[in-house]
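Here the structure comes first, spelled out in structure tokens, and everything after it is commentary.
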Amino acid sequence: MTTMYYEQNINGDILKGKKIAIIGYGSQGHAHALNLKDSGYDVVVGVRPGGSFDAAKADGVDVKTVAEAAKEADVIQILLPDERQKAVYENEIAPNLEAGNALMFAHGFNIHFGQITPPADVDVFLVAPKGPGHLVRRQFEQGAGVPGLFAIHQDATGQAKDIALAYGKGIGSARGGLLETTFKEETETDLFGEQAVLCGGATALVQAGFETLVEAGYQPELAYFETLHELKLIVDLMFEGGLETMRYSISDTAEWGDYVAGPRVVDADTKSRMKDILTDIQSGKFAREWIEENENGRPNYTKFKEDGKNHQIEEVGRKLRAMMPFINENKKEVVRETSATAQN
Ligand SMILES: NC(=O)C1=CN([C@@H]2O[C@H](COP(=O)(O)OP(=O)(O)OC[C@H]3O[C@@H](n4cnc5c(N)ncnc54)[C@H](OP(=O)(O)O)[C@@H]3O)[C@@H](O)[C@H]2O)C=CC1
Ligand SMILES: CC[C@](O)(C(C)=O)C(=O)O
Ligand SMILES: [Mg+2]
Ligand SMILES: [Mg+2]
């Protein structure tokens, strides 16, 4: 049965007086550090010298090396890229762990796929917002919150769940709801969601729609508005009131087209391939291949990234967005973080 926790059911006092180290100051790192600080907690950020270090300093956060932050903290949240966590954990965090500390994650990848094995005398749990870090920060500042998951892997102190809930409240996720899960369930569903629907599925759908229109001779700018820009406005309505609200706002013509054409695009074969994707995640095949890609210096990742950047939809989009300053306003904070974390 699903168990949800909301702000009013959570006592955040258990984290008062504890030092929380946020390791990494990227998408999730900056959001957790700033939200926890604004919630009145004692936060130190641990990163290497460079863009993130400078950004955290400029934001008025206490910043140290990873090893120093881990050493002085009671609660250590690892918000580094998943593929870098194992090395940083082994070299800089593990030697500074003490019995009774809490070791945290925002995604279960490294624990679930056996990359990190913490000692038995520390709590190990995750608090994973169900949304991009920049929105975790933006929504918190707006008085809202991105819902999150939490899961306990090890409860050495008997306090793991209370600390996890207090942490989830501190970053604003309990405003949207904290759902109790396991590392296995969080890891597999998160990977599936981002691959099949949220990132892989959505970008492939947008690109294919754009290409279909442009190849048929329609203007690329029009194709951009139709397949990418307007998607946000349609998804906003789904977000606010589900598919029904979106269908209430669109024309009856669009709604009829939705019913008859949607299943032609995403059909039983698509669903069967979604199941294959899920199987590869569950079996560990995806994780093994991603780890290997990193060990080999990311040749395919780099090529995919470059091809994506050079796709016509991106060139057209950059030009059109430059004429819409209201979009660029929101983008500023993401770009600052992106450029701060772009180095390897
Ligand atoms: N992105 C998201 O919105 C979400 C992410 N998650 C999870 O959160 C975790 C963090 O992901 P995300 O926020 O995307 O990570 P990012 O890619 O944004 O993290 C980048 C940060 O890690 C630092 N970093 C990278 N390598 C090292 C290193 N060797 N030593 C010290 N610092 C280093 C970077 O510093 P520098 O500037 O020096 O490179 C930067 O501060 C992952 O487990 C992810 O799965 C969960 C939910 C959503
Ligand atoms: C959808 C991608 C995500 O899982 C997220 C923002 O929740 C991620 O890993 O970044
Ligand atoms: Mg996710
Ligand atoms: Mg993810």
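Heads up, residue numbers simply count up from 1 along the chain you see.
The backbone N, Cα and C atoms fix where each Cβ goes, and this holds for glycine too.
Automated prediction, rather than curation, is the source of TrEMBL annotations.
Since we're looking at a predicted model, the values are computed, not measured.
In the record from TrEMBL, residues Tyr25, Gly26, Ser27, Gln28, Arg48, Ser52 bind NADP(+); the candidate from Gly131, Gly133, Gly143, Gly145 listed for the same site is Gly133. Rounded to a whole value, the Cα-Cα separation of Ser251 (substrate binding site) and His107 (active site) is 40 Å. Taking a Cβ cut-off of under 6 Å from any atom of ligand 2, the binding-site residues Gln28, Asp190, Glu194, Glu226 reduce to Asp190, Glu194. If you take every residue in the domain 'KARI N-terminal Rossmann' (1-181) and average the pLDDT, you get 98. In the three-state DSSP scheme, Glu194 (Mg(2+) 1 binding site) falls into the helix class. Counting in whole angstrom, Gln28 (NADP(+) binding site) lies 11 from His107 (active site) by their C-alpha atoms. A 10 Å radius around the C-alpha of Asp190 (Mg(2+) 1 binding site) takes in these recorded positions out of Tyr25, Ser27, His107, Glu226, Glu230, in sequence order: His107. The recorded positions shown are His107, Glu194, Glu226; of these, the one with its CA atom nearest the CA of Arg48 (NADP(+) binding site) is His107.
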